[in-house]
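Working notes for the structure below.
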């Protein structure tokens, strides 16, 4: 979903270099230095307005989190949440999900999250889906052996596509939820969109897969 352009968004990011890594190429291979510790690093590709990444950071202080989004205004709203939370273990990047190997070394990321990604329903846009094989190639390079992807969506078509994509890639589907909010799954942290969908009674799909 697109967000209306936010005035001053660029300046907002530039004025907060502690949380927003403005030159992420320079951090490649040295993210432990950026965070000041050697804790595991989890990333969310398509972090939206930051509810999930901030919530996870507060819930798990022993894990470092990086929220990634290419949309300037969206990332500025995520920064608002990070600043309000004062979570020391979260950083933000404005980069494209297809270029992650420019910013992370092999195996430097321990886990990644894909939450409510754009489904790109038209066949001609298949390669833009974040669970397309080309993206999986990228994710595999920055995750360790048996690295995990946790995926959530309200879009059944994208969920079915992703199940097939992960399986055809040779990944292992650890767990699958066909109605997350009706399940006994504990510890779910919702995104802004997820909270909105939940109020409408929409089904949320979730899976965990490993390389």
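Any Cβ shown, glycine's included, is placed from N, Cα and C.
Residues or ranges marked as S-adenosyl-L-methionine binding site in Swiss-Prot: 44, 69, 96, 118. According to Swiss-Prot, the feature active site maps to 118. According to Swiss-Prot, the feature substrate binding site maps to 122, 154, 191, 192, 193, 194. Annotated region 'Interaction with RNA' per Swiss-Prot: 124-129, in sequence order, evidence recorded as sequence analysis.
Known features from Swiss-Prot, placed on the structure.
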{"residue": "44", "record": "S-adenosyl-L-methionine binding site", "DSSP class": "strand"}
{"residue": "69", "record": "S-adenosyl-L-methionine binding site", "DSSP class": "coil"}
{"residue": "96", "record": "S-adenosyl-L-methionine binding site", "DSSP class": "coil"}
{"residue": "118", "record": "S-adenosyl-L-methionine binding site", "DSSP class": "coil"}
{"residue": "154", "record": "substrate binding site", "DSSP class": "coil"}
{"residue": "191", "record": "substrate binding site", "DSSP class": "coil"}
Taking the centroid of the Cβ atoms of 44, 69, 96, 118 as the S-adenosyl-L-methionine site, which other residues of that chain lie with their Cβ within 8 Å of it, listed in sequence order?
45, 46, 47, 48, 68, 70, 71, 97, 117, 130
For the region 'Interaction with RNA' (124-129), the number of residues DSSP places in helix, strand and coil:
5 helix, 0 strand, 1 coil
For residue 191 (substrate binding site) and residue 44 (S-adenosyl-L-methionine binding site), determine the Cα separation and express it in whole Å.
11
Within the same chain, the residues at least 6 apart in sequence whose Cβ is under 8 angstroms from that of residue 154 (substrate binding site) are 116, 193, 194, 197, 202, 203, 204, 205
Around the Cβ of residue 44 (S-adenosyl-L-methionine binding site), other Cβ atoms found within 10 Å total 24
Number of Cβ atoms other than its own within 10 Å, given for residue 191 (substrate binding site)
23
With neighbours defined as other CB atoms within 10 A, the best-packed of the binding-site residues 69, 118, 192, 194 is 69
